[in-house]
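Trainee: Okay, these came from TrEMBL:
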type	residues	note
BINDING	ASP141, HIS181, ASP189, LYS386, HIS391, THR433, ASN472, ALA473, ARG505	substrate binding site
ACT_SITE	GLU273	active site, proton donor
ACT_SITE	GLU471	active site, proton acceptor
Amino acid sequence: MMALNLAHQTGAAAVAAPAAPRSAVIAAAASVAQPSTASSSAPALQAQTLTVDAAAPAQAPDTVKPDLAMACQALVDGAEAPEAEHLGAAAEARSKSGVPVFVMMPLDTVRKDGNSLNRRKAVEASLAALKSAGVEGIMVDVWWGIAEAEAPGKYNFNGYMELMEMARKNGLKVQAVMSFHQCGGNVGDSVTIPLPKWVLEEMDKDQDLAYTDRSGRRNYEYVSLGCDAMPVLKGRSPIQCYADFMRAFRDHFATYMGNTIVEIQVGMGPAGELRYPSYPESNGTWAFPGIGEFQCYDRYMLSSLKAAAEAVGKPEWGNAGPGDSGSYKDWPEDTPFFRREGGWNTEYGQFFMSWYSQMLLEHGERILSAATGVFTASPGVKISVKVAGIHWHYGTRSHAAELTAGYYNTRHHDGYQPIARMLGRHGAVLNFTCVEMRDHEQPQDAQCRPEALVQQVAAAARDAGVGLAGENALPRYDETAHDQVVATAAEKAEEDRMVAFTYLRMGPDLFQPENWRRFAAFVKRMSGAGKKDMCREQVEREASGVAHATQPLVQEAAVALTN
């Protein structure tokens with residue numbers, strides 16, 4: 001999400017204290033964010049790009065009753081909310097008057113049959129309230145498992161069409177997430193939306209289409225990147241399926257592209273993120289702050305590993321991943337591979353991590369090539385990719401949790417520069433999470449360093465000339481979190497400012513009176529960043545005006561969302 005934008009973010013808003021004992025840390029919380037450090041080049045493993053053709057019938061938008069946004073806006077000091085041109089490769093997309101704020105919609109905004117919206121009245125009231133608060137737009141998951149659920153090439157975007165029309169009538173922009181993953185099994189997944197039925201049928205027939213760990217455990221969140229280019233899904237490759245889906249979406253929403261729909265975030269893995277499913281929460285497989293496990297044991301991944309090992313004259317390296325890398329809930333020092341001077345820093349470890357991370361990069365390259373081929377003809381639409389914020393064990397030498405997720409980021413090797421450069425080649429925005437987190441709030445024993453991680457990823461994006469967008473990893477409604485986001489995303493020199501921020505997430509908690517007033521102030525501060533004449537008192541007065549003017553809408557939304 002946006003895909004599950006919740007997924008992988010560490011700890012709640014929590015632990016501001018001295019280093020907690022390990023047992024306390026394990027009990028503490030579960031969430032995740034991303035870490036990074038990268039630079040060396042990995043062996044060039046062949047990358048393929050596939051584009052496909054497919055058209056889908058366009059559908060007429062449903063009519064939606066206009067709401068109170070305009071009336072409320074007149075009561076609020078809204079003239080200042082800048083229209084800020086949305087994201088783009090860094091230079092063209094930066095807003096001189098602050099950072100536009102988007103809000104994630106609930107994961108189940110569209111009914112599972114795809115035909116209409118869940119809680120339609122709540123959505124109407126919510127969008128009107130968001131517009132009145134100065135929000136730029138919304139983010140919504142367009143689930144593969146909903147829109148192409150029944151049969152290959154049979155698309156149903158009716159519910160999404162209803163939402164786009166509602167957003168347009170409220171003057172809101174839309175970030176649409178191409179969610180090619182399962183909803184369920186990660187932090188914050190409140191509903192379950194599996195992959196399309198026909199995809200799961202093929203995965204049942206050939207279980208090696210699923211990511212697999214050393215114990216043979218299969219993960220059905222996302223099709224293994226090892227078979228990206230193979231016609232394993234009813235005669236199409238996964239990349240062809242993704243390209244056809246994006247093309248069908250573009251054609252159905254042609255009249256919204258570039259004016260209402262301003263961004264396509266392309267899902268690339270579990271939780272929509274460019275990573276391996278190394279820390280799945282389902283069935284208690286993983287718990288924070290475990291290091292996770294490598295996901296390279298399906299036959300397609302092993303075939304690639306074997307070829308890579310033979311290419312460097314070490315065929316014995318191609319039979320499996322590291323045998324001493326521990327299990328999901330271990331800590332780095334529990335394992336010979338990830339400990340301070342462990343196998344990660346040997347010739348073999350460098351070979352394996354180069355191959356594993358390069359496979360992930362090539363997967364991103366293939367999907368981005370397909371996406372840019374589809375959306376090039378849609379001016380005003382930017383493409384973005386979400387990178388996970390894995391901040392636990394970031395303070396160690398090996399950065400174990402990042403390594404198992406596919407980010408070759410260690411004390412000696414920057415893992416985020418290659419990702420940023422890959423995005424730069426396609427003019428895509430790098431979307432990163434855990435922007436609201438502070439180091440001292442996290443369990444210190446787990447070497448959590450979210451602030452350092454965000455700084456590293458921001459530097460990689462800046463060096464590669466790509467726009468950096470942000471999200472909060474966990475739901476936060478307090479001013480401490482808002483202050484951190486404003487400082488990290490908005491109160492910077494123009495060249496270091498984020499190009500957009502997406503707030504997680506719309507729900508009944510957001511519309512509680514005090515939370516809503518604080519949120520309105522947060523949006524005002526983000527949009528006004530860089531204006532020297534803005535003072536906190538003025539912002540608070542205007543936020544109180546918003547809260548008062550939108551009270552009926554907010555109450556209606558809170559009740560409808562709760563029900």
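Along the chain as shown, residues are numbered 1 onward.
Backbone N, Cα and C atoms are what each Cβ position is placed from, and that goes for glycine too.
Each of these features: where is it, how hidden is it, and who are its neighbours?
Mentor: Cβ neighbour count for ARG505 (substrate binding site): 24 (other Cβ atoms within 10 Å of its Cβ, all protein chains included).
Counted within 10 Å of its Cβ, the other Cβ atoms near GLU273 (active site, proton donor) come to 32, all protein chains included.
Counted within 10 Å of its Cβ, the other Cβ atoms near GLU471 (active site, proton acceptor) come to 29, all protein chains included.
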Trainee: By Cβ count within 10 Å, point out the most packed of the binding-site residues listed: ASP141, HIS391.
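Mentor: Compared across ASP141, HIS391, the most Cβ atoms within 10 Å surround HIS391.
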Trainee: Counting across all protein chains shown, how many other Cβ atoms sit within 10 Å of the Cβ of ASN472 (substrate binding site)?
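Mentor: For ASN472 (substrate binding site), the 10 Å Cβ neighbour count is 27.
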Trainee: By CA-CA distance, flag whichever of ASP141, GLU273, HIS391, ARG505 among the recorded positions is nearest to GLU471 (active site, proton acceptor).
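Mentor: In terms of Cα distance, GLU471 (active site, proton acceptor) lies closest to ARG505.
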